[in-house]
Amino acid sequence: MAVSAPLRSLEEEVTCSICLDYLRDPVTIDCGHVFCRSCTSDIRPISGNRPVCPLCKKPFKKENIRPVWQLASLVENIERLKVDNGKQPGELAREPQDMKLCERHQEKLHYYCEDDGKLLCVMCRESREHRPHTAVLVEKAALPHREKILNHLNTLRRDRDKIQGFQAKGEADILAALTKLQEQRQYIVAEFKQGHQFLKKREQHLLDQLATLEQLLTEGREKFKTRGVSELDRLTLVISELEGKARQPAAELMQLSDRLSCLSLRYPRKKFWIGKAIPHMVKRKAGEFSDKLLSLQRGLRQFQGKLLRDLEYKTVSVTLDPQSASGYLQLSEDWKCITYTGQYQSDCLLPQQFDCEPGVLGSKGFTWGKVYWEVELEREGWSEDEEEGEEEEEGEEEEEDEEPGYGDRYEDWETDEEDESLGEEEEEEEEEEEEVQESCMVGVAKDSVKRKGNLSLRPEDGVWALRLSPSGIWANTSPEAQLFPVLRPRRVGIALDYEGGTVTFTNAESQELIYTFTTTFTRRLVPFLWLKWPEARLLLRP
């Protein structure tokens, strides 16, 4: 049966350090240590005539040995308790199984030799080998190490508490972040659902207007066809009647001379209907509907361009590489602006420099990610203000007249003789303009793009760019594709998706989507500018 910890502690207090058994007839010596009386008689003097205490090495006189009756009584009580616990009297409490014993004497190791750094039992301590050495109790020798361990243990416990605190805070932060993400997910779903509903409603509204126009034109077509057939039949009868009169003999014809003299009065041309296939008001409503479609196209392009820039791309600040700049170009001190000089100004030609083409590359390249920057074109007259003014004036003129609604019937929209007559068509003249040499290009290029000689600067050459000129805007494809944005961009946004293989151009001010190149990139890409336009500047933003 296991012995309780308090009992084991009492047993250690009444154990003789020499015989390692219960104190039998316990006595105390001058230094205060207690041993069995029989054990003290075995203590031999180390030097001189006086024996010394085995524990503290202090000499004592045998005549000063005194019995300790209280300890003797305590030993008896302990033995009685052990009997009550099922142990034989005199049997010591078992030591833990991992308690180390002296390999030589199979005794407990109570001492530590500071000279040899070894654990000693009582017999080893009294041996000739260790008697001259300084030996202290194991507990005393272990005290500094124990303190060191406890200090380090306290440090580790503090670290553990800190880590637990950090972990708890981190878990709370992660939970808060996950909660926020969930809220954002719900917000995104709700916003897009609302947006879908709004667009669906607007779509249905436009489709309803379109259906109304289709119905009006279909009804008008049937009415126009029916009335036209009726008038043709009536006119055919008149023609047949006149043809019959024209075939009459001269005598009979002369008898009708009085009637024929007023032929124009009897058969006036104005009596016959000449109508328009599409009434003026229907044409006007159809034109208004086309304007709405243009507004829809512009709004959707602006929406797409803004989402593309704000949600997916990282805005970067780029500068130009002066060593790649053509001698026809002049760079600003911050390497963000170029102007066209018209004269080659470079004294020496560098290997990485454009010679014939007035181009320049960016100093920063990209091999991954989604990045965005802007290029601003500064030149007098290059703006969309005039076009906006014209559109506003046309809109004001259209709003001045009161017009029928979409719910009116076809016949309500018919007009009088002031409307255009049937068969009248508007003539459109197309003028072929000579190719304008003044232009600029903005986009991206491979860092290995050719720079010597006359270059086409197309995608197959490693350049993906827009060309802007007074005559229009083109995508530098093969062949060139002319583009028709709603507004001429003063600032062009360039969005590069390297992994996605796209270069997208937008109007940075109106957010209108202009054009997208699609390919697979395998080399480092850099910004690309090309300018052959006097009194114009290209500036990198931001």
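Backbone N, Cα and C atoms are what each Cβ position is placed from, and that goes for glycine too.
Here the structure is a predicted model, which means the values were calculated and not measured.
The feature zinc finger is assigned by Swiss-Prot to 16-57 (among others). For the zinc finger (16-57), the predicted model reports an average pLDDT of 83.
The feature zinc finger is assigned by Swiss-Prot to 97-138 (among others), with sequence analysis given as support. DSSP states for the zinc finger (97-138), grouped as helix (H, G, I), strand (E, B) and coil, give 5 helix, 11 strand, 26 coil.
Taken from Swiss-Prot, the feature Zn(2+) binding site covers C102, H105, C124, H130.
Summarising the annotation, Swiss-Prot assigns coiled coil to 197-243 (among others) and lists sequence analysis as the type of evidence.
According to Swiss-Prot, the domain 'B30.2/SPRY' annotation covers 298-542, on the basis of sequence analysis.
Feature annotation from Swiss-Prot assigns region 'Disordered' to 379-440.
The compositional bias 'Acidic residues' feature in Swiss-Prot is assigned to 383-405 (among others).
Look at Swiss-Prot and you will find 411-440 (among others) tagged as coiled coil, backed by sequence analysis.
The compositional bias 'Acidic residues' annotation in Swiss-Prot covers 413-437 (among others).
For the binding-site residues C102, C124, counting C-beta atoms within 10 A of each C-beta gives the highest total at C124. For the zinc finger (16-57), the DSSP counts in helix, strand and coil order read 5 helix, 8 strand, 29 coil.
The number of other Cβ atoms within 10 Å of the Cβ belonging to H130 (Zn(2+) binding site), over all protein chains shown, comes to 18.
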